[in-house]
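The beta-D-galactoside binding site annotation in Swiss-Prot covers B:Trp68, B:Gln69, B:Glu70, B:Glu71, B:Gln72, B:Arg73, B:Asp74. The domain 'Galectin' feature in Swiss-Prot is assigned to B:3-134; the stated evidence is sequence analysis. The feature N-linked glycosylation site is assigned by Swiss-Prot to B:Asn130.
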There are 2 protein chains.
Amino acid sequence: MDFVEVKNLIMKSGMELKVNGVFNANPERFSINVGHSTEEIAVHVDVRFSYLSDKRQLIINHKTGDAWQEEQRDARFPFTAGQAFQVSVVFNFDTFDIYLPDGQVAHFTNHLGAQEYKYIFFVGDATVKNISVNVADKPTKR
Amino acid sequence: MDFVEVKNLIMKSGMELKVNGVFNANPERFSINVGHSTEEIAVHVDVRFSYLSDKRQLIINHKTGDAWQEEQRDARFPFTAGQAFQVSVVFNFDTFDIYLPDGQVAHFTNHLGAQEYKYIFFVGDATVKNISVNVADKPTKR
């Protein structure tokens with residue numbers, strides 16, 4: 001179970017976090033998280049291969065006051081155990097656009113409402129290889 | 001003065017840290033650091049544009065017990081204020097091979113002698129854009 005933590009790689013509206021990694025051979029779960037801290041998470045992209053009762057289930061959520069809020073359960077699961085992956089999280093002002101490895105896009109409201117986040121962390125059954133935060137090379141609202 | 005900190009992006013012998021960023025318009029100093037903590041730094045690549053008495057001076061050093069050791073002062077300084085840069089640090093077992101933006105290579109002994117480091121941080125007058133740790137795509141001893 002990896003826990004990679006990045007502080008002060010500043011995500012502002014209009015920017016994109018791109019992460020590349022490789023899933024473990026028998027992963028249970030891996031998540032990508034952007035926010036202020038482990039208790040205040042603006043977007044939690046939770047890739048559940050086999051976790052609790054979930055099998056091959058993508059869940060997106062946010063956390064505030066160290067409490068998870070309402071899960072957004074996504075029907076798509078373009079992830080493969082043991083394989084490399086790239087996921088982008090575009091910080092699109094009041095929304096996060098999450099570009100899945102197959103190019104599909106999931107949208108998640110910026111419930112915390114900040115226009116800047118300074119804490120990124122990854123937890124779970126994958127090896128993170130590359131982390132980049134740049135001006136988004138994908139469409140944004142402004 | 002940025003301080004970007006990455007924990008648990010594990011650097012093992014034979015691996016390469018690649019960092020891309022952009023120097024501020026009027027930078028004093030920017031450093032790339034790999035080690036165990038801020039007190040135990042295996043390799044400190046210190047790009048001094050204008051810092052103390054140094055002008056356009058590259059210094060490489062290591063720190064142990066929170067004390068800087070002997071500076072390795074390099075005559076080359078292929079860095080430009082306000083410009084993008086890429087620097088690679090190849091962890092080459094008993095040596096770090098530091099690939100400068102112009103492709104030249106500086107070598108620095110792995111004085112701390114570990115074969116794995118889990119703490120990377122960047123300090124100073126640049127915006128870090130991309131951080132990757134992968135198996136080195138440059139020659140290594142084994």
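Each Cβ is built from the backbone N, Cα and C atoms, and glycine gets one as well.
Where Swiss-Prot records a feature, it is marked here on the structure.
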residue	record	DSSP class
B:Trp68	beta-D-galactoside binding site	strand
B:Arg73	beta-D-galactoside binding site	strand
B:Asn130	N-linked glycosylation site	strand
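Looking only at other Cβ atoms within 10 Å, the busiest spot among the binding-site residues B:Glu70, B:Asp74 turns out to be B:Asp74. Around B:Trp68 (beta-D-galactoside binding site), the same-chain residues six or more apart in sequence whose CB sits under 8 Å from its CB are B:His44, B:Asn61, B:His62, listed in sequence order. Distance between Cα atoms for B:Glu71 (beta-D-galactoside binding site) and the residue listed as 'N-linked glycosylation site': 27 Å, as a whole number. With an 8 Å limit on C-beta distances, the recorded positions from B:Gln69, B:Glu70, B:Gln72, B:Asn130 that reach chain A are B:Asn130. Each residue contributes its Cα atom, and for B:Arg73 (beta-D-galactoside binding site) and the residue listed as 'N-linked glycosylation site' those atoms are 26 Å apart. Between the CA atoms of B:Gln69 (beta-D-galactoside binding site) and the residue listed as 'N-linked glycosylation site' there is a gap of 29 Å. Take the CB of B:Glu71 (beta-D-galactoside binding site) and look out to 10 A: across all protein chains shown you find 13 other CB atoms.
B:Asp74 (beta-D-galactoside binding site) is 25 Å away from the residue listed as 'N-linked glycosylation site' when you measure Cα to Cα.
Of all the Cβ atoms in the protein chains shown, 13 others lie within 10 Å of the Cβ of B:Arg73 (beta-D-galactoside binding site).
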